[in-house]
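Per Swiss-Prot, the features are as follows:
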- 26, 73, 97, 116: S-adenosyl-L-methionine binding site (BINDING)
């Protein structure tokens with residue numbers, strides 16, 4: 001059970017398909033530290049939350065309301081295609097993260113190749129939950145790299161009023 005240290009923390013949820021190396025899985029590590037809840041069934045995910053979806057038409061922005069939580073899918077693209085019909089039933093707010101570089105050792109410096117922890121941290125930072133983003137990244141010895149690599153764009157994204165402004169800011173980094 002997730003037990004946020006701060007009652008104002010945004011609830012974080014992970015659909016975990018069990019397809020990754022357990023020793024490298026950022027989602028499992030977040031769950032061990034009670035920073036996120038893992039689900040192995042789509043039907044159990046909370047309704048009306050924000051789903052971080054790289055194919056979403058709308059970018060995540062500070063205008064989005066994270067009270068119902070943020071969901072990350074920790075699975076292969078094939079699995080995403082398989083579960084997408086179920087996701088549609090949950091009334092989720094699909095949002096894409098803007099341009100950022102991975103800070104993890106597997107994809108270091110590669111644009112848009114974020115792992116689950118980095119995706120959560122980026123979303124939290126953009127939504128104004130910088131301390132919670134830093135808490136998530138503090139559990140990984142490379143976590144500071146992600147925040148340092150992306151500090152400037154994250155600070156700018158956090159000042160945007162809406163999705164359109166996020167896209168405009170993003171264009172300066174691509």
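Cβ from N, Cα, C; glycine included.
Keep in mind it's a predicted model, so treat the numbers as computed, not measured.
Feature map: annotations from Swiss-Prot on the structure.
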residue : record                               : DSSP (3 states)
26      : S-adenosyl-L-methionine binding site : helix
73      : S-adenosyl-L-methionine binding site : strand
97      : S-adenosyl-L-methionine binding site : coil
116     : S-adenosyl-L-methionine binding site : helix
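Remark: of the binding-site residues 73, 97, the most isolated position is 97 (fewest other Cβ atoms within 10 Å of its Cβ). The Cβ of residue 26 (S-adenosyl-L-methionine binding site) has 104, 115, 116, 117, 118, 140 as same-chain neighbours under 8 Å, each 6 or more residues away in sequence. Whole-number maximum of the Cα to Cα distances across the S-adenosyl-L-methionine-binding residues 26, 73, 97, 116: 18 angstrom.
Counting every protein chain shown, 23 other Cβ atoms lie within 10 Å of the Cβ of residue 116 (S-adenosyl-L-methionine binding site). In sequence order, 14, 27, 52, 72, 74, 114, 115, 117, 118, 119, 120 are the residues of the same chain, not among 26, 73, 97, 116, whose CB sits within 8 A of the CB centroid for the S-adenosyl-L-methionine site.
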